[in-house]
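**Student:** For reference, TrEMBL lists these features for the protein:
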type	residues	note
ACT_SITE	Tyr154	active site, proton acceptor
BINDING	10-38, Asp64, Lys158	NADP(+) binding site
BINDING	Ser141	substrate binding site
Amino acid sequence: MATRLVLITGCSSGIGLRMAVMLAKDERKRYHVIATMRDLKRKDKLVQAAGDAYGKTLSLAVLDVCSDESVKQCIDGIKDRHVDVLINNAGIGLVGPIESIPIEEMKKVFETNFFGVIRMIKEVMPGMKKRRGGHIIVVSSVMGLQAVVFNEIYSASKFAMEGFCEGLAVQLIAFNVIVSMIEPGPVHTEFELKTIRDVREKEYPGADPDTINYFKNVYLPGAVNIFEAFGQKPDDIAKVRSLVESSSPRFRNLTNPMYTPIIALKYADETGTLSVHAFYHMLFNMGPLMQVCVTAMKFLSCGFLRRRTISPD
């Protein structure tokens, strides 16, 4: 079997780093991975994790998904612009009271999480269609299926990506090009931990005292508990090999079974009232109780849920 070229965005840490390493270390050497990042000065962790694979089945490239020129230069640097598998992983988060978030910050989230993915797809898709083969994978989020309070902008960017890919997936079937979504919940990464630390210390001008209180004293403690109880490791999300190798890859791939009931709740009532009111009561009326329940579930689960991955097996 010919070696397949896999291009991955956002590989300096976290999920992207682990995806790159796992595919590059494939025992049968079926993949050559081009791991990209905005700044190659941040390559050390990836190079160390890749070990002997670096320079053989894994190479590095500079890529800023927010720049048309950078994206084009990266793809132009690949022989015949031939990409078999594109994994769109680069992304940024944004959390806090909406009144205190400048519009420019919101635009940055969409520029990376939405338009950044589209830039990548626009560059590699024509070649895939011409060759009648390819696989486009987008790392989305469970928040792209069910929005979470105080994460409205991040959720909106992922909702937009989900909608875009739903339409694109239908179009590309005729060209034998597959589109897949990966939808993690909380993941234990430096990015996630830094976000939590930062939001605790920030000021939120423009937000009323009640909203700030709900955010800092109700939402954040609950979010931390859920993160600690049910957060998966980057390695769990990075096990995309079964998805890449599958003859009929699934379109949606929720990585954490704990979130399946949440998604089901949304679609159980076509008016949307059920899920909206359920989340309202959980946050504002049952906050302390939720924290107790989550803590108990954390110990009862004994790590089983954290080991669940996107693999059907």
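All positions are counted from 1 along the displayed chain.
Yeah, the Cβs are placed from backbone N, Cα and C, and that goes for glycine too.
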**Student:** I'd like the number of other C-beta atoms within 10 A of the C-beta of Ser141 (substrate binding site), please.
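**Tutor:** Other Cβ atoms found within 10 Å: 26.
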**Student:** Highest CB neighbour count within 10 A among the binding-site residues Arg18, Arg30, Arg38?
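**Tutor:** Neighbour-count leader: Arg18.
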**Student:** Among the binding-site residues Gly10, Gly14, which residue has the largest number of other Cβ atoms within 10 Å of its own Cβ?
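**Tutor:** Within the set of binding-site residues, the most crowded position is Gly10.
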**Student:** Of Met22, Ile34, the binding-site residues given in the record, which has the fewest other CB atoms within 10 A of its CB?
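**Tutor:** Selected from the binding-site residues Met22, Ile34 on minimum Cβ neighbours within 10 Å: Met22.
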**Student:** In whole Å, how far does the CA atom of Tyr154 (active site, proton acceptor) lie from that of Asp26 (NADP(+) binding site)?
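**Tutor:** Pair distance, Cα basis, whole Å: 33 Å.
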**Student:** Which one is it: of the recorded positions Asp26, Tyr154, which Cβ has the fewest other Cβ atoms within 10 Å in this structure?
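**Tutor:** Among the recorded positions Asp26, Tyr154, the sparsest Cβ neighbourhood within 10 Å belongs to Asp26.
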**Student:** Give me the Cα-Cα distance between Gly10 (NADP(+) binding site) and Ser141 (substrate binding site), rounded to a whole Å.
**Tutor:** 15
**Student:** If one measures from the C-alpha of Ile34 (NADP(+) binding site) to the C-alpha of Ser141 (substrate binding site), what distance in angstrom results, rounded to a whole number?
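**Tutor:** Answer for this pair: 23 Å between alpha carbons.
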